[in-house]
């Protein structure tokens, strides 16, 4: 028998709730009242629409960067109506690990989400499990990059995934210099431009059709329909950098901005050098025109995502669901877009690891505003639980913290921390990040000294304070000067020294790099063996194949024609075509009763 989460005491420690969140009530649902069996009035459980975009870099968006050239009117309007998180990070700058951590609230290394071909165990609870226990229909449309189990708590999956659900994209640390055929390469940049159709457009068009159709089907069920949590996960603006002319033409005549930061190859940090080689970019010297075309196509793809957001919100409004639906929006990671000479993701620089995140709640208790503290998409799972009046099971691993204090305007009681882990392509040992206050600490045992940035003083991450500290230490010791780093103010040096000491101690306590490396290598070797075997003889796909039963759609002989047409029409009408209350009594939204 499943544990009754409603009878459990509120958690009071990190791992189930962050200190400060205990006793913080969820906002009352804002939807219209419905009658209870004993004659009282109650509120319907709020629906949740969670929209995700793939590879959407927060620093590139107008909601975070007033200088942005990207046109996103729908997202800008949604942000103005939401609690907007200005410093939100992904738990891993790679698709699958980031998403697995988002749905579970647990960091990638704890759940085995090592790369884009690593599966997580089916017994790890996700927000979909917790919401189902509260009576929600949990529905997924679009990309989630599951390996093996293709549901992980979702009751219904409306589409297949765009990427393989098997071990085909496993990383191989045993041969770190071997470049695998599926790695990113320069083609997305060299071939950037317009298209009439693409794999990505085919996919997102299906995702949008299935998602909007689900909302129409839901509202036609009437007031007794279960509340839903619909996750709509788009693959745009992920590369390849190509988009149809409608969106490309939005930027006709615009002098597309070139990257702000240029760093010569020989001056790159160790991980960035590996990424340039892994992505086959080391020997590439892109022209300004090639860079602008790639960025223009990306801008167009973001505007395409913006149109999709507008369509989803419009359907909510026309179906009179908007007054009782929480809207969550986030990305899974960003895209460097040529900044520092890097493209795609896989690093901890801002354009790769910082993501958009916002929550619009219909309750008047949740007022639009901005949150400056560091948060993470890890926090979405415990926040989802809070939003529907439940909580994660105490005692289970949980790294995310509820965002409820931030949503209720009590950010002083909320957390200010984001952690990240990466063991995907371009690494040869674990790469970790701690983001707290103004600081960003990045470490990888294979790369020697860590990196430390003060983003309040240095938002472009030009001054690695570890190099500054090492230079000063060398001068005091009378040694020859190391390579000249950018300087920091004297008062900042001592603060940086204290921060570095604290972060190094924390990282040593938090991560056993040698043990993690052995675990990752073992997982890679097992998956390579199994994948090699599965490709021999008859191949059985693990990819999700959604059921679309045409026998129950449109006009069929098993139901009276007039009844069928009446049930399919929304809003419902009487015999004379007059709109009736019907399902609208409990569904009235922005259009009234």
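Using N, Cα and C of the backbone, Cβ positions are placed for all residues, glycine too.
Owing to the predicted nature of the structure, the values given are computational and were not obtained by experimental measurement.
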Students should find that the region 'Disordered' stretch in TrEMBL, chosen from 1-41, 42-82, is 1-41
Averaged over the domain 'Sulfatase N-terminal' (46-389), the pLDDT of the predicted model comes to 96
For the domain 'Choline sulfatase enzyme C-terminal' (518-570), give the DSSP counts of helix residues, strand residues and coil residues. 28 helix, 0 strand, 25 coil
